[in-house]
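Please read the structure below before turning to the comments.
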């Protein structure tokens, strides 16, 4: 269980409050207008930002002061998920060897296995620049597999992809999440992504992170806040 | 790499190496009474020549820059690039070139003499001004060009579609650009000229054309009056601090004008303005290129006359430049963030001669300071190059941190892995450019070495100066050409190295 207990987060001008929890292994969509604090929420869970007050916990473990690399969390960003001058083997190797040494005979099969799992067999020696956008996303997901952490955060990583490719990537994410049994939080501003991918939806509006609601009732019986968000869209 | 132990050590060393010598100078300074009457003249001359140099450079840069903005011609890009060259040109080489053109037996006097007109004399105030304008006119032109390029293209198109007259165009675009850039340019050039040493050493001198820096040198070398040198150092320190504060207040972030050259279409350069603009561009081009051409031509003849001592001096220069570059780049790696940049800028308000004096006083109880001439020169040059290196590296280092800092944290990359695998490979280009600049500056520097050197330990710039002083002008020209080749070679090699490695 990932618990956000009376968290208050500085948004530079306003604050964001969160008091909710997520069950392990769930797939959750984080919806809300831009600037509401969706990415900020992920930054706090990943450890890139410290909340003003409150507590963050994974099971019995208090995470509030734990540095990012020691948290049970892996994250995919909007871009810059891979170092462009390193080949995929080196990029993925960093997940296994944070001291930056070349992946050895022990690690290479694991790296190649992870690449195969996301449909990138035999591309270990390619640099990210020679791959398509979809392949780059797959490579970043292969690294998530190697990190094997029980919480996966996705900060709109497929925003730049077309609708068909995006649906394909959501399937890969789903497979990766199920393989790891990881709790997955995905930020998006597109309700269709939420429908296609998530089991639960969390709405972030007006300085508040609303508690998760299962997808079905979320869309069939929309809350007042969600109706306002849709109204904003047009 | 904020606040890593490495950065803290680097910052503390930097502070100790600048504040230490300053403290020693302060302790040793015997009070203002120890000043000779000539020293007050030196102070007045320093401020006066810096002021005149700044005003002349900027005033002449305005028509040149405006001509470059509104005219297109083949070779324009090369000329704009050349405007950046004086930065890495050794002062002594430029002085040789200016003497070849404006000196007693130079081209200009040949023409004037042929016409029966009075000859010009390059030594004294106007020689100092000539050299300062030679170095700083291109700097002012580049700063102004950057200012003009910052004008949004839409505004220019709007002005054209409104059919604004030339006067109106001046009022809404050109006037504001000049007003915005000129104060910063004036202050930057004023500050640069305040610490002028090599120019004053070669073209000035005498009671009427001595800068404070030169007076420090004379007090040390000729009178061996350490107390007076320290007091003069104190005055130079106050000048530098005052000017530094002034510069911080007036200049904007693009202070050094290392701008891109974006195309900007203007239609107001037609008609007779093509001719006046052409004249300005030609004059500026000649003023910059003829002296350099003269150095090359005379130097080619002089290369035959290079003796062993000049070759040894060249070896010293290469070693000093190498050591300065390595030291400076280590500092730059540790301090490539905004705080580090401020620290480095604060460090250069202390002039090289003040640092040199302080280090001399610090070393004297332990060793013969003259034996330390080369290491001290390397150290001081590394310090002087650091702000430029940081100015080049920091923006891209900060961008790298913004792009990949979170990924680094999430992977838990060690500092060493980050530096070796990500930081250096991603920043090859700015690192190469900065290293090239520092190497060229160190190679051509004629400052603190003059304070320390004995006959056995000259660098190449000092050797050129000594050859000039003993009227071996041919040999001096040959040595100057060698120095020019070494400086440019070091710059091109390191800059290219960074670019190639990136590909």
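Backbone N, Cα and C atoms are what each Cβ position is placed from, and that goes for glycine too.
Those TrEMBL annotations? Automatic predictions, nothing curated.
Per TrEMBL, the features are:
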- B:43-247: domain 'ABC transmembrane type-1' (DOMAIN)
- B:314-494: domain 'ABC transmembrane type-1' (DOMAIN)
- B:45-65: transmembrane segment (TRANSMEM)
- B:77-102: transmembrane segment (TRANSMEM)
- B:122-144: transmembrane segment (TRANSMEM)
- B:185-205: transmembrane segment (TRANSMEM)
- B:226-248: transmembrane segment (TRANSMEM)
- B:279-300: transmembrane segment (TRANSMEM)
- B:312-336: transmembrane segment (TRANSMEM)
- B:342-363: transmembrane segment (TRANSMEM)
- B:370-393: transmembrane segment (TRANSMEM)
- B:431-453: transmembrane segment (TRANSMEM)
- B:473-494: transmembrane segment (TRANSMEM)
Original post:
Who are the chain neighbours of the transmembrane segment (B:77-102) in space, where the CB to CB distance is under 8 Å and they lie at least 6 residues beyond its ends?
Top reply: 68, 108-109, 120, 122, 127, 130-131, 134-135, 138-139, 141-142, 145, 198-199, 202-203, 258, 261, 281, 285, 288-295, 298, 436-437, 440-441, 443-446, 461, 464-465, 468, 476-477, 480, 483-484, 487-488, 491
Original post:
When only pairs 6 or more apart in sequence are counted, do the transmembrane segment (B:473-494) and the transmembrane segment (B:370-393) reach 3 or more Cβ pairs under 8 Å?
Top reply: no
Subject >> Among the ranges B:342-363, B:370-393, B:431-453, the one whose Cβ pairs under 8 Å to the transmembrane segment (B:312-336) are most numerous >> reply: B:370-393
Subject >> Positions on the same chain near the transmembrane segment (B:185-205), where near means CB under 8 A and six or more residues out >> reply: 46-47, 49-51, 53-55, 57-58, 61, 91-92, 95, 98, 122-125, 127-128, 130-132, 135-136, 139-140, 143-144, 211, 213-214, 217, 236, 239-240, 243-244, 246-247, 250-251, 255-257, 351-353, 445-447, 450, 461, 465, 468
Subject >> Proximity of the transmembrane segment (B:45-65) to the transmembrane segment (B:370-393), 3+ C-beta pairs under 8 angstroms >> reply: no
Original post:
Going along the chain, which residues at least six beyond the ends of the transmembrane segment (B:431-453) come within the CB cut-off of under 8 Å?
Top reply: 87-93, 197-198, 201, 216-217, 220-221, 317-318, 320-322, 324-325, 328-329, 332, 352-353, 355-357, 360, 369-370, 372-374, 376-378, 380-382, 384-385, 388-389, 392-393, 424, 459-462, 465, 483, 486-488, 490-499, 501
